[in-house]
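Below: one structure, written as structure tokens.
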Amino acid sequence: MTTPDAFRDAEYIADVSGISYGNVANLTEQDANVVPRENERMRKLQLAAKVAFIDRLLRDLDILIYCELSALYYMDCSVILFAIRAIVQLIFFTPKAPPFDPTRNQPFIGAIFVSNIFCMIFHNFFTHPEASEATRGYLHGGLLIDFIGQKAPIPLFRLFLLDFLVLILDLVMLGLIVERVKTTGQTSTTSTEILRVQDHDSEERGVHRTRPESRSSVVGAELDETDGHITRANAGVGEQAEHTQLLADPSEDGHTPGAKNSHPLDAFSSGEAVIMNLGLFDVIRDQWKYSTTAPPARTSSYIPSDQTAAFLRARFGLQVGPDGRVQRIQS
């Protein structure tokens, strides 16, 4: 993930986002209503950068798995085993262009374990790569091309080790796909804070109602005195936090904090961002539970136009039902 291509993807996302260095940290108190929108933009930018890094890692792992399959083919010279794994890799794990984005509605667990366990059993009990003197001790095989493999005999432990490595890489790619689906499916969390409009009463009390406040704020006769204490307490806490920030993270000029010159993608560029916390057993359990759960009934919102409905009815005697399925008109 330290290749220039991954950072080029993230830099492109940063360029099109329109977020410059320090434009959020330099906002004043009068621009407090702009901060939530800027925070939402930064959050979307970071999610887009995370998806870009996951896509790059998926492509790199896909190439690595094909290289491992090629190495295994040169050791066992079995087109059947190579084709089984290559087809599974192509269908389930090879990244594809939109709209064929990866989803979790596929039998990943069955495809991974069935294909890899079958190849392991075949290598341990049925395949014994040997070569005769006619081939000078080298393995030959292939249906279309007579590839020359390695020199026989091939240790079974090496075959089993490569089989296990392919299995681990498949599970890692499954974890990345699950994380990508979760990242792209995230929605903006609804804040419990509301934005209130400034009125005359708040203006007389010296309270800024445009600042976000909690829904559980107490409304009563003692509001004036309580708001006064809260305002003074918040002012003291704000001054203390600002003082601590100035002492802890001074900038070069000594007037503004260094955080104002930051960018949402600094963590990705510096390598400090965590793409995902991978636990193989957790990934297997979550995907298995997701696969065994019955999907909810889908209601199609597709409504054909009058011209399309008339054409289907006149030409083929078909109609689109309420569930979106094409049905034959019963005469």
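Using the three backbone atoms N, Cα and C, a Cβ is placed for every residue, glycine included.
Copied over from Swiss-Prot:
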type     : residues : note
CARBOHYD : ASN26    : N-linked glycosylation site
TRANSMEM : 63-83    : transmembrane segment
TRANSMEM : 107-127  : transmembrane segment
TRANSMEM : 159-179  : transmembrane segment
REGION   : 197-225  : region 'Disordered'
COMPBIAS : 197-214  : compositional bias 'Basic and acidic residues'
Cβ contacts under 8 Å made by the transmembrane segment (107-127) with residues that lie 6+ beyond its boundaries: 76, 78, 81, 84-85, 88, 91-92, 156, 159-160, 163-164, 166-167, 170-171, 174, 177, 284, 287-288, 291
Beyond the flanks of the transmembrane segment (159-179) by 6 or more, those residues with Cβ under 8 Å of it: 54, 57-58, 61-62, 64-65, 68-69, 71-72, 75-76, 85, 89, 93, 102, 104, 108-109, 112-113, 116, 119-120, 123-124, 127, 275-276, 278-280, 283-284, 286-287
